[in-house]
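Input: a single structure, listed below in structure tokens.
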């Protein structure tokens, strides 16, 4: 009988005495791009429709979100109890966030008319996708006198992976060795010098898309043709594990969540284990690096900071996302305040909530296990509902595609000792095994 279904060493960058890049790099400011003229902070904003004394009274302001995927959906879910209404802009009619947000504006992320419509209906703007247009957002901020967080200049720098790495390196934040690629000659030299590289598209790549390994200089031309865009090359990092720190910058300072261990297959995040199964010294260094990144960034909000723990115990920054992050979904059940509520609080200039661990937690992604796109129907959901301390999150996407993120399952361990490092890593091994077993019991393939 078929069960219920759901529809549809923290160290300085080693500077090389020469560059093997012929392309001219972007000029990087001392900090991630800050606009020349100061803009009022959200905490002192006089809303166009609201008195500032009512900022933390109910009902709250309206938050406009560029992007309406699962991150926008969970932002809207977190905003509702705070009395904050959410309007999303997304090109897909009935996008996941539209099912819980107050309204959806159907339009492209870089459509000037659509973004202006969103600004006209909102008190504060944010974004949940890096495809937002920072130039357009800056124009709209001036035109409508509306705050946008994080700062569009930060978005602009983070969008370009080469510019992002240059900015971090110039600030003394540890990153892997990297080089900008101006053509085949640059890539061949990089492969020889760095003993193989990961070639990355400078813009637009995610979940392994836009990356290709190059081990042999003779493969340089084919690799460049495969990506077909502006690229950078990064040295392979012999890491012990991949880590993530969800950090937040708000009107009352910066804070970080407990360090999370991230597990990838085919460069797609499969599971997040919190706290990470590493020692206290590594976790302390990871949070220290994350705080340095947060102090460096402009604009309030949550940031996902992806890290490598190297075999030597060093911490290197891999990438930054200027928004809530997949590796932080565990915070909904596992932390005192979820990353989504924290982002809402931060971008509005409100006091930040506590980020402490509630209990050890594992979150696993539900990915499309189909060979071709089809209508989304998830089977055997009762296996999740019957499991103690397991929590189902369905994103409401109408179509499932191979390896598409359709939802996630979070499993907590309320019996573990309190504190980030108090419990034994073996307990999290067992928790991970249990979470993966529950996830593997659900499927999009009919029985």
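Yeah, the Cβs are placed from backbone N, Cα and C, and that goes for glycine too.
Copied from TrEMBL, the annotated features are:
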BINDING   161, 200, 234, 235, 236, 237, 242, 264, 318, 319  ATP binding site
DOMAIN    165-348  domain 'ATP-grasp'
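A map of TrEMBL features onto the structure.
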residue	record	Cβ contacts under 8 Å, 6 or more apart
161	ATP binding site	200, 201, 202, 203, 205, 232, 319
234	ATP binding site	165, 176, 177, 178, 179, 197, 198, 200
236	ATP binding site	194, 195, 196, 197, 198, 213
242	ATP binding site	261, 262, 263, 264, 306, 307, 308, 309, 318
Arithmetic mean of per-residue pLDDT over the domain 'ATP-grasp' (165-348): 95
Residue 318 (ATP binding site) CB neighbourhood, other CB atoms within 10 A: 18
Secondary structure of residue 318 (ATP binding site) (DSSP, helix/strand/coil): strand
Recorded ATP site residues 161, 200, 234, 235, 236, 237, 242, 264, 318, 319, farthest C-alpha pair in Å: 20
Three-state secondary structure, residue 236 (ATP binding site) (per DSSP): coil
